[in-house]
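Data first, discussion second: the structure below is written as structure tokens.
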């Protein structure tokens, strides 16, 4: 009937001219828009929306509706509401150690968290990003913050008990010790299963082992079946500790044999190349790097000395000899005055420094006090200069996060010149050096630099499910790689947390961090031997 009233419409209703069809379509579009607009934007339309939305979208809608109602109800008590959850960017909130990082007692703060679903307000990935990570403190950015101090003050008894929960009766003590033993037995079992990897003509272990069969082999990409310096050279701390807790000297003997072998073979210019054949004992390539493939070997030399309560003179000598070779052959100064550690390929320098090599600022710092007297200040200066260069790699990017590798050639200084080097995967090495430099100098700039890193992580890496790496640190529009690396929790956040903590939290005098930031105790045999006598005197 409607069509028949329009001029130029045939009796069949199908003879609309082009202009009339256009008018009709405009009218129809407006009608549809009006209907759906009323459906979705008028109040109390949530039930109607369920007709058109999928199940997942319906849940999102209901959550959004509840959030809006909650916000309206809380307008009158906004200040108290804001105090209930951790603020984003708060170093204390960021740095809470994850459960996966601990083999013993949990963090007391974890015990104190209230049970039930967490109360949290979060923006979506793309919403309000410009408001996150600015120069303001966390409490000034609108997120409410849980007051842990007030919560702990409300507890009626100490979380860990007066004596860490130790029962008074001997039977319960024995049974409690038996439970604690799913840990000691398992670590010894794992240690035993790793030992067949050392069954080579040189005693240098291969890189991969089948824990079931005991068969071991080298990485397929490693030249001529070689083992990797940063792998076989990064066992010492853990295997020495394993011998300490088990009373079995085999583990320590295995890693000491590696050291003895490395001591007796020739080293080009005093440097340790990254690839070594576990069969022939020859260096396979003359590629030297303080970054990937080589890094933690040098770290474990100085840390082995420190972990032995400064008794391991062999480790000390190897470390300072290697450091001298590094300074002579690899340490460079850019035209702009930046100190960096280049890579060495068969006698030719590659003027590149990887993010992984940025741990070396902290490494040199923790060993400075035990070097020759006339070199101690020089070592601290060198540590500070390298840490400054690594900070520059962050400061010169648009996101204030550092690239995977940065160069010092072709006019570039502390910037990535290749697309393949522009990514950041939440690596810890730069903030690791900040933490050590803060502990040893208390120069406030290291905490400021750490805070810059936290703000950048919040602004460019934080997503709804956690934190993600980004593919280009020189773009302020993040392109996420959708991966949160395990070392982000084990190392990056831990070092940042320690950076903003007092020095007596895991003091460096008593604890050594392995290459994954897990603390191992300094071994003081003289103290341990006198422990029983001390306890006897205390009883009397």
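Numbers here mean position along the shown chain, with the first residue as 1.
Cβ atoms here come from the backbone N, Cα and C positions, even for glycine.
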Of the residue ranges 1-21, 22-42, the one that TrEMBL records as transmembrane segment: 22-42
Region 'Disordered' according to TrEMBL, located in which of 159-178, 179-198: 159-178
Nearest-integer angstrom distance between the alpha carbons (Cα) of residue 390 (disulfide bond) and residue 515 (Ca(2+) binding site): 19
Helix-strand-coil residue split for the region 'Disordered' (159-178), DSSP-based: 9 helix, 0 strand, 11 coil
Sequence-distant neighbours of residue 358 (disulfide bond) in its chain (C-beta under 8 A, six or more apart): 386, 387, 390, 393, 402, 429, 430, 432, 433
